[in-house]
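The block underneath contains the structure these notes are about, expressed in structure tokens.
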Amino acid sequence: MSHFPYQDGVMHAEGTPLPAIAEQFGTPTYVYSKAALLENFDSYANACSGREALVCYAMKANSNLAILDILARRGAGFDIVSGGELLRVLAAGGDPAKVIFSGVGKSVAEMRLALSHDILCFNVESIPELHRLNDVAAEMGKTARVSLRVNPNVDAKTHPYIATGLKANKFGVAFDDALATYRTAASLPHLEVAGIDCHIGSQLLDDAPLLEALDKLIELIDTLGHEGIVLHHLDIGGGLGICYGEAGEAAPVAVADYLGRLFEKIDAWRAARYDGAPIKVIFEPGRSIVGNVGVLLTRIEYLKPGATKNFCVVDAAMNDLMRPALYQAWMGVQSVTPRVGNAENYDVVGPVCESGDWLAHDRVLSAHAGDLLAIMSAGAYGMTMSSNYNTRGRAAEIMVDGDQVHVIRQRENPADLFALESLIK
Ligand code: LLP
């Protein structure tokens, strides 16, 4: 069921008409549905029920405190990639014991912060990082739990910018080097080898590459076991895609189906080799939790006929939603109050001074200046990737819960944007 339905010819977020939100809070504004958020998280939680499993929401997809709070109360852990993200988890009341720390470039300060809060695990990506973490833990008199992010060299068949599991990517430890790297980790006195992880890419519509990666991890866990390195958890990463609504787009595999197949494989393996003893399973989903939870609400400023195409100039821009400019991503565009007749083909563009500032190409819209448009499925990698380019304040964020409307981030004022700058005296 869509949480952004049309009722009486007007798009709503749950029970709230979007024009009322635009009226009260202005545009551009991200509007999220709480029910959609809970539904998506529950699709993971329900498929994991009765198992030793942890869903660590990859908060880079959307790190608003209200979203983290809702997920934390539902039992989520968090996959973080910076000290800043850990501070957000803490500010939202999340449990650091359910936090895993991913990323290729963890600084000493970030390691200290994470160790001081006793996070669940560091997903380590290189030998130098192992040594640095061991040193920082030693200095603090602590032991850091580690997992190695292994690069299984699986083709995720997604956009090259968001594929991460191939040999050519900067991420993870090469599969062939994993054994030696685990031996190093096991030899360092302030590290405790806890698990293994991988993340092969994002917006995966088929789960075959993920299950192929799982086979590689299983093979490594068995080999390590023979050496006396026993792993307690297996983290398969995130990556499951969502439907963006483009014509001809393949439907993403359902979360329950993917997790069902994954657990079936894991159960068969554990039964065959470990007398059925379970292993804890961790997931790091981002987009599949928040992607279709939000729309970017924007107002048409001008309709501008051009020599070769027509432009629909809206008040949202690449600084608000970077995915089209950065990945040529296709985002759905819908009229909030659809009209009949006068349909034209438009490029939907923003006010930023770049030819790359577009949100959608070649869309047929019956539109008037002043109308509202909703850029669909903008809940993931929308607000978190936004910037202040052209000294544009970031959009407001609103969470709708039925007919209740909550401001979860105020719109930035231009004065906020230069508040940290100073003139030379
Ligand atoms: N775990 C790790 C280590 C990751 O790097 C990522 C995403 C995730 C989990 C979550 O992946 P997801 O479930 O969301 O696919 N900005 C791009 C996506 C970049 C993904 C980066 N890593 C986009 O807008 O498509």
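Keep in mind that glycine also has a Cβ here, set from the backbone N, Cα and C atoms.
In TrEMBL, annotation is done automatically, which means it is predicted and not curated.
Confidence across the domain 'Orn/DAP/Arg decarboxylase 2 C-terminal' (30-379), taken as the mean pLDDT and rounded to a whole number, stands at 96. What TrEMBL lists as domain 'Orn/DAP/Arg decarboxylase 2 C-terminal' is 30-379.
According to TrEMBL, the N6-(pyridoxal phosphate)lysine annotation covers Lys60. According to DSSP, Lys60 (N6-(pyridoxal phosphate)lysine) is assigned to a helical segment. In the shown protein chains, 21 other C-beta atoms lie within 10 A of the C-beta of Lys60 (N6-(pyridoxal phosphate)lysine).
Residues annotated as pyridoxal 5'-phosphate binding site in TrEMBL: Gly239, Glu284, Pro285, Gly286, Arg287, Tyr381. In the three-state DSSP classification, Gly286 (pyridoxal 5'-phosphate binding site) falls within coil. Its Cβ placed at the centre, Gly286 (pyridoxal 5'-phosphate binding site) has 24 other Cβ atoms within 10 Å.
According to TrEMBL, the substrate binding site annotation covers Arg287, Arg323, Tyr327, Glu354, Tyr381. Within the same chain, the residues at least 6 positions away from Tyr381 (pyridoxal 5'-phosphate binding site) whose Cβ sits under 8 Å from its Cβ are Lys60, Ala61, Asn62, Gly286, Arg287, Met322, Arg323, listed in sequence order. Under the DSSP three-state reduction, Tyr381 (pyridoxal 5'-phosphate binding site) is assigned to coil, being neither helix nor strand.
Proximity of Cys353 (active site, proton donor) to non-local residues of its own chain (separation of 6 or more, Cβ distance below 8 Å) is seen for Asn390, given in sequence order. The secondary structure of Cys353 (active site, proton donor), as reduced to three states from DSSP, is coil rather than helix or strand. Per TrEMBL, the feature active site, proton donor maps to Cys353.
Cβ neighbour count within 10 Å across all protein chains ranks Glu284 highest among the binding-site residues Glu284, Glu354. Filtering Cys353, Glu354, Tyr381 by Cβ distance to ligand 1 (under 6 A) retains the following recorded positions: Tyr381. Working note on the binding-site residues Gly239, Tyr327: by count of other C-beta atoms within 10 Å of each C-beta, Gly239 ranks first.
A Cα-Cα distance of 34 Å separates Glu284 (pyridoxal 5'-phosphate binding site) from Glu354 (substrate binding site).
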